[in-house]
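What follows is a single structure, written as structure tokens, with notes after it.
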Amino acid sequence: MIEAAAAISGVIHRWEDFVIISLLLILNAVVGFWQEHKADNAIELLKQKMALNARVLREGQWAQIPARELVPGDIVRIRSGDVVPADLKLLEGEYLQVDESALTGESLPVEKKSDGIAYSGSVIQKGEMNALVVATGMNTYFGETTKLVAGIKSRSHFQKAVLKIGNYLIITAGCVVAIVLIVEELFRHTPFLETLQFALVLIVAAIPAALPAVMSVSMAVGATQLAGKGAIVSKLVSIEEMAGMDILCSDKTGTITQNKLKLSELVPFGDFKENDLLIYGSLASREEDNDPIDNAILQKAKDTESLEDKIKTYTVKKFTPFDPVIKHTEATVKGSEGEFKVAKGAPQVILGMSSNKEEIRQKVEEKVNSMASKGYRALGVCAEEERKYRFVGLFGLYDPPHEDSAETIKTANSLNVDVKMVTGDHVAIAKEIASQVGLGTNIITADDFKEKSDSEAQKVVEKADGFAQVFPEHKYKIVELLQKKEHIVGMTGDGVNDVPALKLADAGIAVAGATDAAKSAADIVFTSPGLSIIINAIQQSRMIFQRMKSYAIYRIAETIRVLFFIATSILVLDFYPITAIMIVLLAIFNDVPIMTIAYDKVKYSQKPEEWNMREVVKVATFLGVIGVFFSFSTIYIGIYFFHLTFNVLQSFIFLKLVAAGNLTIFLSRNRGHFWSPPPGKLLLWAVVITKVIATLFVVYGIYITPIGWGLAIFDWAYALAAFVFIDFLKVKFYERLER
């Protein structure tokens with residue numbers, strides 16, 4: 001459209017117009033490229049921080065490296081919770097259970113054994129194996145598939161909002177300009193090409209071509225700021241969801257608590273001693289896994305005199321790592337007394353495996369409840385004697401809350417975010433931790449809602465302060481029920497069992513130390529432990545949302561102000577208030593400073609944010625209509641007070657439109673007065689510099705009839721006085737909307 005306007009300027013020999021319109025065309029291209037480049041750079045930086053790691057055998061040593069550095073021929077180790085980093089040929093190990101739904105669409109996991117192929121992008125659900133890298137990157141099966149679907153995208157709430165704003169302005173501008181064309185051509189017989197050129201320039205100035213770019217850059221810059229605070233955004237549109245989140249389902253372990261387990265209590269059963277419990281528990285652990293439970297047991301064994309040497313006399317022949325479904329580890333061990341098995345895991349699981357379960361069941365359950373009342377997590381250990389498992393004893397593990405968890409939850413509540421704790425631990429443990437961090441004590445289990453109707457289950461889940469003894473399918477159901485109650489739900493997780501709930505949640509959050517599978521499923525990945533980082537993420541995302549909303553209001557208001565003022569002047573007064581070249585300059589002077597809105601200083605809302613398009617349009621229309629009134633008053637002042645000639649009057653009106661244009665940015669920034677908070681320095685200076693340049697254009701007559709310093713100063717004084725008055729009206733208008 002702008003190209004057509006430039007071409008028509010050439011045809012009718014308006015060479016000054018042709019040059020300026022061409023400059024606008026070049027400026028739009030440069031700004032578009034710069035903004036896209038800036039957004040791409042920010043996204044690329046985030047992708048690098050999100051990069052998956054792989055355990056690879058290099059020079060005889062196992063090491064962690066970025067998965068992108070793998071090459072065919074590398075030997076890697078994959079285990080439960082990993083995203084397969086490349087196409088692999090499986091070598092050593094018993095078996096793997098692999099979720100290939102991302103590739104095949106099949107929800108059931110596939111079992112893989114030696115000589116099988118594990119495809120890049122699939123998720124290991126069970127097992128552990130060594131494997132040979134056979135293909136990487138875009139040469140993998142997943143990479144080839146990605147090429148086919150690269151162009152397929154779904155629209156987010158953000159994209160829908162941009163489309164609504166754009167469509168509203170395009171339709172409005174199109175209708176108004178069409179009326180101008182019809183009146184000028186049919187009734188006033190103005191030369192068609194001149195009218196068409198003016199109409200095209202007017203519609204170009206009215207249509208928000210930079211809208212998607214400005215809003216995308218705002219999110220990309222915001223995402224970079226979030227990354228600096230330890231929250232890496234993998235999907236930019238998730239910033240909007242985080243801003244609107246009103247319920248956070250938080251994992252207990254590692255988020256509310258420190259995930260630094262201490263062995264606080266050892267309870268052997270029967271003839272077993274504490275040292276026996278530690279030995280068998282250590283044999284059922286593996287140091288290289290760096291599992292917090294294993295680390296606590298192994299550290300206690302090391303701290304116990306002569307016990308470490310005793311453990312070294314045993315050889316672990318086979319080790320089955322912990323699996324969230326079977327809930328225990330198991331090892332086949334060879335010692336001086338022969339070969340036997342040991343296992344450790346959830347007390348009820350270990351008790352069920354033991355041959356002496358009936359005689360000790362009551363005592364075990366009493367002890368587990370006793371530990372839970374202290375906030376301890378119980379862990380059972382059993383060992384084989386004569387080919388039958390016997391219950392050896394219990395470990396009492398304590399995972400203390402983060403020091404700032406209570407304060408963080410209090411802050412979240414002040415931001416109108418309801419925090420609900422989710423854990424697989426016993427109800428008693430959950431209640432104890434909840435009481436320590438200031439959550440309510442209405443802790444329920446899946447049994448309290450899974451058999452109820454949807455409407456009843458929604459009420460139960462909504463009122464709960466937390467959930468205990470939950471399995472992966474329960475987490476998914478909790479999120480689903482809350483969403484059906486029209487809540488925007490955030491969900492934290494770290495394991496492969498959290499993946500379904502993370503994907504379903506509006507804001508899926510992988511906490512520090514999460515498995516590759518959880519990171520891949522999440523929208524946001526935290527690099528620092530604890531709950532406090534979530535508060536930063538909520539506040540930052542709401543500030544980012546506010547900047548985008550500010551720009552949307554500004555863009556609609558400015559289009560209404562300029563478009564309706566010019567169109568009404570032409571239709572009613574038969575007067576062109578500014579020339580086509582002035583419209584182009586107005587677009588340049590107004591659009592350049594708005595690029596810096598991504599760095600503006602704004603207040604975050606105390607309530608969850610959402611795209612209330614009705615309110616956005618109401619506020620923008622209010623500001624735009626008042627702007628039209630003050631623009632017409634400029635014509636009146638120029639004619640009846642200063643008795644200006646036609647060309648000087650156009651320049652006088654032009655400077656008033658430029659001055660008022662960017663002042664509208666400061667009106668749209670918040671619901672309060674323009675000084676609370678003051679604008680960011682970059683935005684302020686961008687506005688000041690462009691306005692000074694615009695004033696010099698008008699005073700010294702660059703492409704415009706000069707008006708002198710006296711009229712220019714009056715223009716600015718009048719624009720500032722109108723700005724202060726409109727700001728007062730805006731605050732009152734918002735107050736009326738809130739009633």
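Using the three backbone atoms N, Cα and C, a Cβ is placed for every residue, glycine included.
Caution: TrEMBL annotation is automatic and unverified by curators.
Taken from TrEMBL as is:
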- 53-149: domain 'P-type ATPase A' (DOMAIN)
- 18-34: transmembrane segment (TRANSMEM)
- 165-183: transmembrane segment (TRANSMEM)
- 195-215: transmembrane segment (TRANSMEM)
- 552-572: transmembrane segment (TRANSMEM)
- 578-599: transmembrane segment (TRANSMEM)
- 619-642: transmembrane segment (TRANSMEM)
- 648-670: transmembrane segment (TRANSMEM)
- 682-703: transmembrane segment (TRANSMEM)
- 709-729: transmembrane segment (TRANSMEM)
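Here the domain 'P-type ATPase A' (53-149) returns a mean pLDDT of 81 for the predicted model.
If one looks beyond the transmembrane segment (648-670) by at least 6 residues along the same chain, the residues whose Cβ comes under 8 Å of a Cβ in the stretch are 546, 550-551, 553-554, 557-558, 561-562, 565, 576-579, 582, 585-586, 589-590, 593-594, 597, 600, 602-603, 619-620, 623, 627, 630-631, 634-635, 638-639, 642, 676-677, 679, 683, 687, 690-691, 694-695, 698, 701, 704-707, 711-712, 715-716, 718-720, 722-723, 726-727, 730. Outside the transmembrane segment (552-572), and at least 6 residues removed from its termini, the chain residues within Cβ reach (under 8 Å) are 161, 165, 168-169, 172-173, 176-177, 179-180, 183-184, 202, 205-208, 211, 215, 578, 583, 586, 590, 594, 616-617, 619-621, 623-625, 627-628, 631-632, 635, 657, 660-661, 664-665, 667-668. Among the listed stretches 165-183, 578-599, 619-642, the one sharing the most Cβ pairs under 8 Å with the transmembrane segment (682-703) is 578-599. Here the domain 'P-type ATPase A' (53-149) has, by DSSP, the following mix of helix, strand and coil residues: 19 helix, 44 strand, 34 coil. Pairs of Cβ atoms less than 8 Å apart link the transmembrane segment (619-642) most often to 709-729, out of 165-183, 578-599, 709-729.
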